[in-house]
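Participant: Provided herewith is a single structure, encoded as C-alpha cells, for subsequent inquiry.
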Amino acid sequence: MQTNDPVFAGWDGSVIQARQLQQQLARRVVLDDAVSATPQLLAGFDVGFEDDGQTTRAAAVLLDAQTLLPLETHVARVPTSMPYVPGLLSFRELPALLRALALLSRTPDLVFIDGQGIAHPRRLGIAAHFGVVTGLPCIGIAKQRLAGSFAEPGPERGDHTPILLGGAQIGWALRSKPRCNPLIVSPGHCVSMQGALDWTLRTLRAYRLPEPTRLADRLASRRGEVTVPAACSGQLL
C-alpha cells in the first residue's frame with residue numbers, strides 16, 4: 001500500500017519500513033512535563049470502525065480540566081487504509097485521529113488517547129506517535145499490555161506498579177477501580193512517567209477509565225452519546 005499522507009512521508013506501506021519509522025520517531029519523544037500546572041482543556045480520543053471495518057471512526061471529546069465536564073464532541077470518519085497489524089496501530093488509526101483533532105474548536109492542553117504511549121515494543125504506541133506529530137502533550141491509556149512485564153498491583157483504587165522492558169520503565173499498571181484489571185498507563189509525549197500516572201489519577205471518577213478516554217470510548221464504540229451541558233454547548237459549539 002502506498003500513501004501520500006504527510007504524516008507517513010516516505011513510507012512505502014511495508015511492515016518492515018513502518019517499524020523502522022517507529023524507531024526513528026521514538027527518538028523524538030520527549031518525556032519531560034510540558035503541561036501547565038493549571039491547564040484549561042483536556043481531550044480524549046478513541047477509535048472504532050464501521051461498515052465491516054472499511055471506515056475508521058475517530059471520536060474526540062474536549063473537557064474542562066477542572067470539572068471534567070465535556071465541552072464539545074466530534075466524530076471523524078475516514079476510509080480504513082490498512083488491516084490491523086500488532087504494534088502498528090497508529091498507521092491504521094492516526095489519520096482519523098488527526099481529522100478528529102482538526103474538528104475541535106480549541107487546542108487541548110493535554111490529550112488522553114485510548115492506546116499505548118511508550119509502553120510499546122519500539123517505544124512508539126499511538127499516543128506517542130500522535131504526540132510527536134502534533135506536538136501536543138499526550139498520555140496513552142490502554143486496557144491491555146502490549147510490551148514489558150509488571151507485578152500485579154494491589155487491589156485498591158490507585159494501587160500501581162511499574163511496567164519494565166529491558167530494565168527500563170515504560171509505563172504503569174494502575175488499578176483504577178477495585179475488582180477490575182489494571183490499566184496500562186504510559187507517557188506519550190511531553191509528559192513524564194510520574195506525570196502520566198498523576199494525571200490519570202486526577203481524571204478518574206467512578207469508572208475504570210479516566211473521563212477523557214471513557215467519554216471518547218462511548219462515542220467511538222457507539223455505546224452511547226455524550227451529553228454536552230447546555231451552558232457549555234452555547235459557548236463552544
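The backbone N, Cα and C atoms fix where each Cβ goes, glycine too.
Quick paste of what Swiss-Prot says about this protein:
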BINDING   ASP46, ASP114  Mg(2+) binding site
SITE      TYR84  site 'Interaction with target DNA'
Participant: Between TYR84 (site 'Interaction with target DNA') and ASP114 (Mg(2+) binding site), how far is it from one CA atom to the other, in Å?
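Facilitator: ASP114 (Mg(2+) binding site) has its Cα 16 Å from the Cα of TYR84 (site 'Interaction with target DNA').
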Participant: Under 8 Å between C-beta atoms and at least six apart in sequence, can you list the same-chain neighbours of ASP46 (Mg(2+) binding site), or say none if there are none?
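Facilitator: The list for ASP46 (Mg(2+) binding site) reads ALA58, ALA59, ILE113, ASP114, THR213, ALA216, ASP217, LEU219, ALA220, SER221, given in order along the sequence.
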Participant: Validating a neighbour-count step here. Other CB atoms within 10 A of the CB of ASP114 (Mg(2+) binding site): how many?
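Facilitator: For ASP114 (Mg(2+) binding site), the 10 Å Cβ neighbour count is 26.
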Participant: According to DSSP, does ASP114 (Mg(2+) binding site) sit in a helix, a strand, or coil?
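Facilitator: DSSP assigns ASP114 (Mg(2+) binding site) to strand.
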